[in-house]
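Asker: The structure follows.
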Ligand SMILES: *Cc1c(COP(=O)(O)O)cnc(C)c1O
């Protein structure tokens, strides 16, 4: 018997919406995974059925993102936040510097962690403009000798997103793609390392995806704890210790869903359509809604805006909540409003919210 479910309009910033069909499949397979008589959570991570799940997830990710053979996929734990420390630990060699492009709170966190391990500096920063924009590629100032350049591809809190990435030549380019990985096609070959916590676009929290270039991996520092070395996980196909098996299973199912939607070109188009439903209301509101990000830096994943007064903003957020829209409050550090329209958020949710915004303006103008 299939229960009638009430699914809410979920605009949470992370953990966030998952595709309903993936949740339903997980539910159907929950207590007897493909004839094993066990849940996927109860399988040994050394067993054949689990290995298939694990390897399938890796190959699906390679296929969807068109990851070249020069790169490896790793499944780690500790979130994107542990990557903030693992990266400098592994790749900030003694005597070298690393540069960071500062575009928001997550870049700041990555930068402060790296400072603990060596010399770091800003390749550019848009902090003075309250992180409304992404610097142009020409504005980046890094050195050919840098250990690496680090950037945050989508700024989850401020709602800005890189549209093109710099070509850094021999300087390894590293990107935190936690909140826009899988949202559009990217050229993986430009990057020495890409990392992302899964809980925005890839699956449930608990898995961190790392895509790393093999020759970069070989250049890593060696005198660091085993679990914090990328090479440990690369040598062991991310099975050095017990991986987050259920999370990896879910990630694999999300990837199948993304493939069935038509892959990343189709997903990118759908994300544009979703974001436009809301940005067009902001742009046509005569200043009733005020977008935070500059137009050319706007994120298709996290749409941030304010209303004219704190009172009106509170009324808007209260009514949005009453109308069944979840997660529209801005991040606790900056306030305002934020709609997170990740891959799994359906077009209808954005349509319904854009209608709500239009109606609210009519009622309060
Ligand atoms: C959410 C987020 C993080 C933090 O991820 P955790 O997995 O919670 O550590 C880091 N960077 C960006 C861009 C994020 O959106």
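Indices start at 1 and increase along the chain as displayed.
Each residue, glycine too, has its Cβ placed from N, Cα and C.
Heads up, here are the entries from TrEMBL:
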{"type": "DOMAIN", "residues": "8-349", "note": "domain 'Aminotransferase class V'"}
{"type": "BINDING", "residues": "46", "note": "L-glutamate binding site"}
{"type": "BINDING", "residues": "80, 81, 106, 156, 176, 199, 241, 242", "note": "pyridoxal 5'-phosphate binding site"}
{"type": "MOD_RES", "residues": "200", "note": "N6-(pyridoxal phosphate)lysine"}
Asker: Looking only at C-alpha atoms, tell me how far residue 200 (N6-(pyridoxal phosphate)lysine) is from residue 46 (L-glutamate binding site), rounded to the nearest Å.
Answerer: 28
Asker: Which binding-site residues, if any, among 46, 156, 241 have a Cβ under 6 Å from ligand 1, given in order along the chain?
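Answerer: Cβ under 6 Å from ligand 1: 156.
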Asker: Between residue 241 (pyridoxal 5'-phosphate binding site) and the residue listed as 'L-glutamate binding site', find the distance joining the two CA atoms and give it rounded to the nearest Å.
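Answerer: The Cα atom of residue 241 (pyridoxal 5'-phosphate binding site) is 10 Å away from the Cα atom of the residue listed as 'L-glutamate binding site'.
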Asker: Which value in Å gives the longest Cα to Cα span across the pyridoxal 5'-phosphate site residues 80, 81, 106, 156, 176, 199, 241, 242 as recorded?
Answerer: 31
Asker: By a 10 A CB contact count over all chains shown, which of the recorded positions listed here is most packed: 46, 200?
Answerer: 200
Asker: Please give me the CB contact count at 10 A for residue 106 (pyridoxal 5'-phosphate binding site), counting all chains in the structure.
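Answerer: Counting Cβ neighbours of residue 106 (pyridoxal 5'-phosphate binding site) within 10 Å gives 21.
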Asker: Tell me, roughly as an integer, the mean pLDDT over the domain 'Aminotransferase class V' (8-349).
Answerer: 97
Asker: Rounded to an integer, what is the Cα-Cα distance in Å between residue 176 (pyridoxal 5'-phosphate binding site) and residue 46 (L-glutamate binding site)?
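Answerer: That separation, Cα to Cα, works out to 30 Å.
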